[in-house]
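What follows is a single structure, written as structure tokens, with notes after it.
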Amino acid sequence: MDKLKCLSFFKCRRKENAEVAPENLHANENDENQERGNWSKKSDYLLSMIGYAVGLGNVWRFPYLTYNNGGGAFLIPYVIMLALAGLPLFFLECSMGQFSSLGPVSVWRILPLFQGVGITMVLISLFVTIYYNVIIAYSLYYLFASFQRELPWSKCSISWADGNCSRSPFVTHCNVSISINEIFQVNKSWVDANNLTCINGSEVYQTGQLPSEQYWNKVALQRSSGLDETGVIVWYLALCLLLSWLIVGAALFKGIKSSGKVVYFTALFPYVVLLILVIRGATLEGAAKGISYYIGAQSNFAKLKDAEVWKDAATQIFYSLSVAWGGLVALSSYNKFNNNCYSDAIVVCVTNCLTSVFAGFAIFSILGHMAHISGKEVTQVVKSGFDLAFIAYPEALAQLPGGPFWSVLFFFMLLTLGLDSQFASIETITTTIQDLFPKVMKKMRAPITLGCCLVLFFLGLICVTQAGIYWVNLIDHFCAGWGILIAAILEIIGVIWIYGGNRFIDDIEMMIGAKRWIFWLWWRTCWFVITPILLMSILIWSVIQFRRPKYGQIPYPNWGVALGWCMITFCIIWIPIMAIINIIQAKGNIFQRIATCCRPAANWGPYLEKHRGERYENMLDSKKETNHEISNISDSRKPE
């Protein structure tokens, strides 16, 4: 049958073994793969993977989930889900990328029917990079704002605070006696204006808004009333967004050769800051109480009976490891063929999870101190997500001696955590372009990379308007959810159930060497049964539990929700589209066409001829091809 074709934009490029051109900044003479390039050192790759996996969620989501789901008891389902779902998917994606030396779209030569899965991964990564850099811009703004003698959110400033700004509850109404036997409940401001006195015990208290909360909403964001009120572009956030994209572009203009060096700082510096914060937090009064709520005496093992806890553990592992985003395949595609991707997967996954646990000590020790000095329970000050990063934690830091110093450290840590995750996301996009247009990328890698950053900057400007936080939340709610789950489910079904789990294991053994059957028993059990069932369960649960998005207590308009559905539909619609296109372009009756699309493409296999061995000796190679389209894929594909 004829070779499966793709749309011109997604055309499957043939592998070339040409000598590296002088202008190819992506490879050097020491690289095994002169066409695509390789990581300069193993440590470049490992730190890039750790930086990609360890992101903002490890600091602002995991500690809250642990506290909310039974404290130390939550670590039990967390570790179990790491072994059953996270690690198997992580190892699978690393192996796919390294074996083929291809990015997330071209790697689906393994199964042309599912080529759209790779496109979905890249499109979702593209949407996420738009708002993720906005969060980095927030961190930059707070970092710059921290270089002052006194943190601007340390007290209620007359220039931006209103009457609700207070660290303690304040009186809104009380009873007053105007004449004998006449008692009225009146507004406290009226009482003060008329020089009256409230009757003891009649005061009505209202919880005030923290200075850090009003600063976040009124100064940093200049937040509007909702998605309907776009407002103007907040100029200083736009400048911070531009700076963040310039940093990303500068780090990636030579691809992995430059980003692989930058991550030595961006991946390691957060650990230095976390260690400093843990040590400082441990010396504060109330820290022990905060830790006890996080992972100590307040742990509630009865929570393990709650299915919601297990769902949260599986979801956190899934998103924390960044599987099914395309980045793991892209970064692994630059490995040397015989790199031990198995040990790499173990190291990165364990490091990621230990980082999450360690970050919780830094967060809860200082929140415990904040609760102590404010006379509140830890449960009243603990937050998650934006509320933790830009309200609760800055509020706690403002009350420490030398608050500006600790604030600079914290927001610099958030900046570096976000940047190395962003590096990998952009590398996912540029790797896809590299696979589709290799000759163009040879000559114009830097301009194309910087061009991508510039386009994404302009697309992100809507997220730095006065309604920007609503857009960030909307994209995150829809694009970083179901689409990734669907891609992951189809990925494991396609590779393990259709391509063949045993065949895939043979491919891995070509890279890391033959293993005893007992070694693969666990991986077979997870890949064939446990992991797909867990992913499907999470997807079904997410559909059942779906709620309309809202920011705080502000609901989204119908058009906003519809736009969210359009975004995720645009991402996943390529799965059936590419399947239909490939089936139409195959030959034979409908069953023969589907069968053809369920077989590897003729050019699937190790990138370099020296690694193909007998199993892939008939793999199509550019040296043996002419410029016309090759036909008869059934005769040319590798033996099963």
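A Cβ is built for glycine as well, from the same backbone N, Cα and C atoms used for every other residue.
Keep in mind the model is a prediction, meaning the values are calculated, not measured.
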What does TrEMBL give as the disulfide partner of C165, choosing from C156, C174? C156
Considering only the recorded positions C156, C165, S320, N352, which residue has the minimal Cα-Cα separation from G51 (Na(+) 1 binding site)? N352
I need the CA-to-CA distance for S320 (Na(+) 2 binding site) versus V54 (Na(+) 1 binding site), whole Å please. 7
Measuring CB to CB from N352 (Na(+) 2 binding site), give everything in the same chain under 8 Å that is also at least six residues away in sequence. I50, A53, V54, N58, S320, L321
Can you give me the residues near the recorded Na(+) 1 site, meaning same chain, not G51, A53, V54, N58, L417, D420, S421 themselves, Cβ no more than 8 Å from the center of the site's Cβ atoms? I50, Y52, G55, L56, A267, P270, N352, G418
Taking the Cβ of S320 (Na(+) 2 binding site) as the centre, how many other Cβ atoms fall within a 10 Å radius? 23
So, do the transmembrane segment (481-500) and the transmembrane segment (562-584) meet, by the test of 3 or more Cβ pairs under 8 Å (sequence gap 6 or more)? yes
Is the transmembrane segment (233-253) close to the transmembrane segment (447-469), in the sense of at least 3 CB pairs under 8 angstroms with a sequence gap of 6 or more? yes
Taking 45-62, 113-144, 317-334, 405-426, 521-542 as candidates, which has the most Cβ pairs under 8 Å with the transmembrane segment (562-584)? 113-144
Would the transmembrane segment (233-253) count as touching the transmembrane segment (317-334), i.e. at least 3 C-beta pairs under 8 angstroms with sequence separation of 6+? no
